[in-house]
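A quick write-up on the structure given underneath.
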């Protein structure tokens, strides 16, 4: 009995430090929101202006790593001795479906507006040149480059899972080949795990902070319920209670079904927007944008704007590269777990093709629709953002479509389900990472899952209370800094161990 308690109990050294750190930061923020915003702006400016170049070089180096994996000595190595667990079609679909979160729907619908209103390269706002580059930059930020950079971590985790047969629930477990077992299981490994967990908590709170206003704005549009911070807090509380009920009553199968419904509904909604918005324009705009991407790719890769100091690469490229860095471990573990039996080359190509198709389709359809609505003066996004906030502007891009009531119901259900599955995934991932010896496939303790879902919910509410996108962007960038080094260490650990143990 004692052994069972030990197995399912919390791991104090990785449970309490993140809890205390995040709790203190939330308390300090709530005490003085104005002072918190000043600090947030200072942190954002420092990291993006002083260290933005490091994130850009990280992505470029990891891109070269993708080519090394695809064409190097490990390209034909198989990740495990078993045949692939899923058919190729199912495998690609699972990767495709993993990109349909509410946060992705948020950025896909509004991102292009920011690119054309505050464009890069000194272009005039809302000019023809700005509009030509608008979607191209979305394809850059959400295309082959970031997915290729995930390859190293995905291959690394798949190698540790299926070749080395390691139980990996925290990144420190993978660092034994690099720093030795003493350091990986000692203070150094504990620090690494705490960096990972604090960053992950803020990332998940950020996603919740993006998703919640979409749901509450839908409720205002459909039911006339005014969107307030109190309503946001009530909705987040309802999600936490619903997640608790699902876990306590063993309804995890229902959550998985909801995840599948989310995927199919997202395809249906995207198909609807594609048809009624203007399929011909969308395809033409996409084709032109791919050409613009190829033409400007070298400059996009290394654009830091140190002379004109317009702020575009700091506000967007560095922010998104930090976004990719902060989610890299969690996403790579998922991609690795569904890729057992694949070769390294298959995994690398599958990620770039399957995941790029997902994000490119979503950004092309939603971004093109937003641009059409702006060009036709159907909606005034600047006024909507100034008066009501970004979420209202996003809702209006959907409400402007034909059969608006049916469309809004579909979008409301999609966002609600996406956030339910988000809260469930947040609580599960954090609980697994902070409990002692909970193995894959086992359920972590209920109270631990509830506790983490409550904390993530609090972070979402705090970010919403601060208002605007800058706090959300800063939370991602601040969290991305320590994981920048953690990701590199996991990659180097894989390379070192593979050279010694993955020979013919």
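Counting begins at 1 with the first residue displayed.
Using N, Cα and C of the backbone, Cβ positions are placed for all residues, glycine too.
Note that the coordinates shown come from a computational prediction; the quantities given were computed from them, not determined experimentally.
Taking Swiss-Prot as the reference, the stretch among 347-367, 368-388 described by the feature transmembrane segment is residues 347-367. Ranges compared are 116-136, 263-283, and Swiss-Prot records transmembrane segment for 263-283.
Checking the ranges 398-418, 419-439 against Swiss-Prot, the transmembrane segment annotation falls on 398-418. With a cut-off of 8 Å between Cβ atoms, the residues of this chain six or more beyond the transmembrane segment (475-495) that come close are 43-44, 47-48, 51, 54-55, 58, 62, 65, 152-153, 155-157, 159-160, 171, 174-179, 192, 195-196, 198-200, 202-203, 205-206, 318-319, 321-323, 325-326, 328-329, 459, 463. Among residues of the same chain six or more beyond the transmembrane segment (347-367), those with a C-beta under 8 A of the stretch's C-beta atoms are 66, 69-70, 79, 88, 91-92, 95-100, 104-105, 108-109, 111-112, 134-135, 138-139, 142-144, 147-148, 150-151, 154-155, 158, 266, 270, 273-274, 277, 282, 285-286, 289, 335, 339, 397.
Within its own chain, the transmembrane segment (398-418) has Cβ neighbours under 8 Å at 100-102, 105, 109, 211, 214-215, 218-219, 221-222, 258-259, 261-262, 265-266, 268-269, 272-273, 276-277, 369, 373, 378-379, counting only residues six or more beyond its boundaries. Within the chain, the transmembrane segment (195-215) has long-range Cβ neighbours (under 8 A, six or more residues past its boundaries) at 14, 18, 21-22, 101-103, 105-107, 170-171, 227, 232, 235-236, 323, 326-327, 329-330, 389-391, 394-395, 411-412, 415-416, 418-419, 422-423, 426, 429-430, 433-434, 452, 455-464, 472, 475-476, 478-480, 482-483, 486. Of the Cβ pairs linking the transmembrane segment (316-336) with the transmembrane segment (51-71) and spaced 6 or more residues apart, 3 or more are under 8 Å, so the two regions touch. When Cβ distances are compared across the two stretches, the transmembrane segment (51-71) makes no contact with the transmembrane segment (263-283), since fewer than 3 pairs at least 6 residues apart fall below 8 angstroms.
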